[in-house]
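Scroll down for the structure; my scribbles are underneath it.
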Amino acid sequence: MRHPKVLNSVLTAALGLGLAASLGAAPAVAADTDRAVTAGTVTAAYAGSSEEAKANKAFFDAVVKSVAKKRAANPGAAAVTVVYSASNAPSFRTQIARSTQIWNSSVVNVRLVEGSNPDFRYYEGNDSRGSYASTDGHGSGYIFLDYRQNQQYNSTRVTAHETGHVLGLPDHYSGPCSELMSGGGPGTSCQNAQPNAQERSRVDQLWRNGLTSAFKTF
Ligand SMILES: [Zn+2]
């Protein structure tokens, strides 16, 4: 389950956009691990390493490129829509729907919609690294939801946090519970699944004017 097979059609779009260079790197499997206090196995690599930041960027990059490909085919579309598939994470349908609702009511410049031909997919399973957002070897993005971690932590918060990476937010583990991107930092008692005002405005800033500003961040 660590490397689910994800469609590689995004690469073609990336080539068309002249951004292929950034896809040449190795699969960014280190990704985001929201396991701050799980099992006492915190390693130095965990807390916001450059490897994780790179993986988060690679993930957002993949999502943006997939969205861009569709927009190129339909340039008149008013809102930026990011399409996801939850079919590979059946146990988390409720949390994914709730996360979508949270984000769609929190930001205005980008919308999450479940559908076919997705820009990213949710997967579920067991992974000692916990939940994360990552990319496969072909530049496609996916979110992995770990069973154990989602029992320890508020599962909607975990899902909404990982989805925050879809929308371009980095981790900030040292932040308080009121911050969604602090992830596992505030501990298992944290129940907040809502982004704070700064996180909302950051997402709207990234997706302002369609994809233009999202691309500028890379
Ligand atoms: Zn994260």
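The backbone N, Cα and C atoms fix where each Cβ goes, glycine too.
Taken from TrEMBL, the feature signal peptide covers 1-30. As annotated by TrEMBL, Ca(2+) binding site applies to Thr156. The annotation Zn(2+) binding site is assigned in TrEMBL to His161, His165, Asp171. The feature active site is assigned by TrEMBL to Glu162. Annotation comment: TrEMBL describes Cys177-Cys190 as disulfide bond. What TrEMBL records for 182-201 is region 'Disordered'. Here TrEMBL flags 188-198 as compositional bias 'Polar residues'.
Here the features listed in TrEMBL are placed on the structure.
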residue : record              : DSSP (3 states)
Thr156  : Ca(2+) binding site : helix
His161  : Zn(2+) binding site : helix
Asp171  : Zn(2+) binding site : coil
Cys177  : disulfide bond      : coil
Cys190  : disulfide bond      : coil
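Looking at the residue listed as 'active site' and Asp171 (Zn(2+) binding site), their Cα atoms lie 9 Å from each other. The two recorded residues, His161 (Zn(2+) binding site) and Cys190 (disulfide bond), show a Cα separation of 12 Å. Ligand 1 lies under 6 Å from the Cβ of Asp171, out of the recorded positions Thr156, Asp171, Cys177, Cys190. Note on the disulfide-bonded residues Cys177, Cys190: the fewest other CB atoms within 10 A surround the CB of Cys177.
In space, Cys190 is the closest of the recorded positions His165, Asp171, Cys177, Cys190 to Thr156 (Ca(2+) binding site), judged by Cα positions. Taking only the Cα positions, the spacing between Asp171 (Zn(2+) binding site) and Cys177 (disulfide bond) is 13 angstrom.
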